[in-house]
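Notes follow once the structure below has been shown.
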Amino acid sequence: MLDSSVPTFSVTTPLYYVNDVPHLGSAYTTVVADTLARFKRLQGYDVLMITGTDEHGQKIQRTAEAQELDPQTHCDRTVVKFKELWRSLNILYDRFSRTTDPRHLAIVKDFFQRVWDKGDIYLAQQQGWYCVACEEFKEKRDLLEDNHCPLHPNRKAEWRDEENYFFRLSRYQHPLEELYAQRPEFIQPSSRRNEVLNFVAQGLQDFSISRVNLDWGFPLPNDPNHTIYVWFDALLGYVTALLDEDEEPNLTNALVKWWPINLHLIGKDILRFHAVYWPAMLMSAELAIPAQVFGHGFLTKDGQKMGKSLGNTVDPLDLINRYGEDAFRYYFLKEIEFGKDGDFNEQRFVNVLNADLANDLGNLLNRTLGMVKKYCQGQGPQVMATDLAPDNPLKALGSHLGEEVSSAYERLSFTDACEAIFTLVRAGNKYIDDMAPWKLFKQGSQKEVEDVLYSVLESIRLSAYLLSPIVPRLSTKIYQQLGFTWDFDQWRSPLEQAEEFNRHQSWGQLGANQNLPPAQPIFTKLELPAEE
C-alpha cells in the first residue's frame, strides 16, 4: 500500500505500436518520461513510470502475415527489442503494459460493460476511408491526392462499408469543452491545446469501437463477431498497468492506488486519442480524468522528415552503441525544446556533447582535481562553504540554482534546466582562469587557493546532482570522484530521498578535507565514424 504521507507521481509513455521495431521518436519520449520520473524520485515522491506496447489491430496482423508469423509471436519478438532499447538507455520503468496480457482483457471487459450500461455504445453502419496504418477512419477532406493518408503518404486509405459498434462521442461535446475551460493545463503545450480546441469546435462525431473481419484483437463482450477497435483497447493499457502482480484484474483494484495518472507523455500524432477520445471514454465510465496530456513534436534528421522510403531513419540503438546512453539522453533533452519539433544532426550531436560534457564539465573536473592533488596534498580543500566570502561569484550562482532547475524540470523545460546548470559550469571554468590558483600557490596564498578549488568542486557537485535525472551514470561518476559513495540508479525510501534532495540541491554540501580518489576522465570526446 502507498504511504499517504508520501506524495505520489505517475507518468506514462505511449503504449508503443509493435508493427515495427522501436524508432528514434519512441526512445525520445521514453527518455523524457524516465528523466521526469528520476527527478520526482530525487524529490522524495513515490513514483510509478509506465511504458509498454499496443499489440492488437489490423496493421499488426498484416505485418505478422507478411513475415509468415502468427501475430503473438511477432509481438513477443518486437517487445524484446523495446525492452532491449530501454535497458540500453538506462530507463528505470516500473510497469511494462502489454495489451495482449490476459489481465488486460479483464480490464477491457469491465470498462466496456460500464460504458455499455451507460447507453454510450450502439450498432450502426459505417462508410468511409480507413487508414490501416493509423487504425482510424479519415475524413475525405483530410486525405491527400488519390486518397493517400497525410501521415502515411505512401499508403492509400481503404474504402470501408461495414457494420460497427460506435461510442457516443458526440454526447460528450459539452463536457469536454467544460473540461478544457476549467482545466487549461490539461492539454499542453498551448499549441496542442489550441489544436484540440479547434478540432472539438467543429463538432464531435461518434467513433467506431469495433471491426469486423479482424481476428487479431479482443472479441466484443456482447458480440464476438466484432473485434474491439485498437484504441478502445489500447488506452486502457494505462489502467491495466496499475494492477499489482497478484491482484485480481478488475477496475476497482486497478484504480485504487494510482489513478488518476498525473501525466501522459505522447507524440502529437496521437493527441486526439488522448485529449478527446480518452477523457470522453472516462467520463462515460464515470472515472476521474488524468491531470495532464503533453504532446511533443516530431523529430527530423538533417532538416528532413525521417522515413524508410527516404533511407534516412536513425536506429537509436546504433547511436547508443556508438556514443553511449548519457550522450543520447543529454542531446535530445538539451537541444530539443520539449513540445516543439526538433532536428537530429550527427555532426551537431558530436559537437554539443564534446563542448558541454567533455570540455566544459569533464575538463573542469579533471583540471580541478589535478590542482587539488598538486596544491592540497590530494585531500579536498580544508574549507567549508560557510568560509567563503559572501561575494563569491560561484556561491552566488549556485545558491539559487536548485530552485531554478527544479522549476524547469516541473515545467518539462529540460533545455532550460541544462542551460541553467551549464551557466554555473562555464562560470567555474572562468573563475579558475580569472583566479589562477597556480599563481596564488606560488605567492603562498594557500587559503585563497583552497577557497577557489572548493568553490569549483562544489559547483561541479551541484551541477552533477541537478543533471542526474538526465545523465545518471555520468553524474554517478562525478559524485564518486568527489568522494561520495553514490549511485544515481539506486533509490532509498521517499522520505530519505526528500531529505537528501533538500541538502544536495543546495549549495555547500561538499565537506572539508573530502577524501578524493585519483582523477579519471568522465566523458571521452566523441568522433564521427569514419566515412566508408
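Note that Cβ sites are derived from N, Cα and C of the backbone, with glycine treated the same way.
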(Q) In Swiss-Prot, one of 95-99, 305-309, 505-509 is tagged motif ''KMSKS' region'. Which stretch would that be? (A) 305-309
**Q.** Stretch carrying motif ''HIGH' region' according to Swiss-Prot (options 16-26, 38-48, 291-301, 423-433)
**A.** 16-26
**Q.** For CYS149 (Zn(2+) binding site): intrachain residues, at least 6 apart, with Cβ closer than 8 Å
**A.** CYS131, ALA133, CYS134, LYS138, LEU143, ARG155, LYS156, ALA157
(Q) Give the mean pLDDT for the motif ''HIGH' region' (16-26) on the 0 to 100 scale. (A) 93
Q. Here are some binding-site residues: CYS131, CYS134. Which one has the most Cβ atoms within 10 Å of its Cβ?
A. CYS131
Q.
Give me the sequence-ordered set of same-chain residues, not including CYS131, CYS134, CYS149, HIS152, with a C-beta within 8 angstroms of the centroid of the Zn(2+) site's C-beta atoms.
A. VAL132, ALA133, GLU136, LYS138, PRO150, LEU151, ARG155, ALA157
Q.
With DSSP assignments reduced to helix, strand and coil, which class does HIS152 (Zn(2+) binding site) get?
A. coil
Q: Helix, strand, coil: count each for the residues of the motif ''HIGH' region' (16-26), based on DSSP.
A: 3 helix, 2 strand, 6 coil
